[in-house]
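Notes follow the structure.
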């Protein structure tokens, strides 16, 4: 069976039997049609317990890539935190107790929705309650979502938070859309707006809920809400404690850097803060206390390949680069021996419906070069289905699928020419459901299964009831390497 192997992850493309508002179905996709006819294929589960999330919870890119790259189901921070709240372990957390003892005033910052991709509203409320009951003066700083949940669902979430704060005697201090507060592409002007808001230098309003409604009236939805503060809020003091509620790291790193790093040079800052506590490890370089330490994940797919002395290439455009490196490698940033990484810059547009092909063709070229060079294993992510799916623009999402389809055709042809096996799958769905029955835009991920195609010597059928955690062992089987005991079985 021994062959070199390409693993292609088509981010945000899932299977939905309903063809209405389904960008995948509506797209012209000759490469996919050929794959369905000629290559063994099946469906994989990408949500809920199959990827270590609560039952019914949609999958996401971080979880999906960790599952694919580690070859096992890792119970995600979302599940770990839920359990810690239920069994009262969170309030006993040593790092939390230290912060609450040291700082009279405490600020809680995070994405406030039930999307479950970056955070959970229940975690935010649990933390407010713990801090308030401890006797600290508490300030809530809500970031509105509109991306992992529907674009105007913020009104109900923020109404809920406002009432919760009033009942607890907590200050509801600021409001801002994730477009600004949670940028991850070094657009520092956006983060600066939020930083100034936290310092009490933003647009002042008497009622943040009314401000949100007013934004809707001006056609500004949750993701893009401009930073505003309650008129009574006077800003953070340097001695205050700051707790970050998001358990996913990639969209909080820049904000933490702005608030805490002594070496930050992107813009002038009036204050730097020392008393920070993050829900999970955002970046090892921060040296900050955390509530939930990283679980050690050993014997990942990339590690096994590296230890065997084989070469590997990991490539994607900026938006998904962390997923094929950090997350795919089990939450480890460092480069392995014989591992090459190629980062293709994502286009500098406000939202990706403006350029639905994104940088797919450049990513495709990097893969073909890797095949021609003879890399033993290549993993690539095409971001289009997900990133364009998030915009809610149906026609742009169709173009996104078509761009991916073109790239698949080229890579498959190149793989066959050089006798490479290939596996094509997705980390989760998105663009296959762009509106609900009522015509509301759906910008979030789905809980649908995803396709998997396996072209390799000796493979004619894929087992039933498989998931993303079965892919790593499949790659090792193709490469003729031993499958470690930590991994789930192969797809075939």
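FYI, residue positions are counted from 1 along the chain as it appears here.
Cβ atoms are placed via backbone N, Cα and C, with glycine included.
Here Swiss-Prot has 386, 390 binding Mn(2+) 1, and the candidate from 314, 445 in that same listed site is 445.
When the candidates 61, 460, 469, 474 are compared with the Mn(2+) 2 site entry in Swiss-Prot, which names 11, 427, 428, the shared residue is 61. Here residue 61 (active site, phosphoserine intermediate) is positioned 6 angstrom away from residue 427 (Mn(2+) 2 binding site), judged by their C-alpha atoms.
Excluding 386, 390, 445 themselves, the residues of that chain whose CB lies within 8 A of the CB mean position for the Mn(2+) 1 site are, in sequence, 11, 12, 61, 147, 148, 385, 387, 389, 428, 430, 431, 443, 444. The shortest Cα-Cα distance from residue 148 (substrate binding site) to any of the binding-site residues (11, 386, 390, 428) is found for 390. Just so you know, the Cβ of residue 445 (Mn(2+) 1 binding site) picks up 31 other Cβ atoms within 10 Å once every protein chain is counted. Within the set of recorded positions 61, 249, 251, the entry lying nearest in space to residue 445 (Mn(2+) 1 binding site) is 61 (CA atoms).
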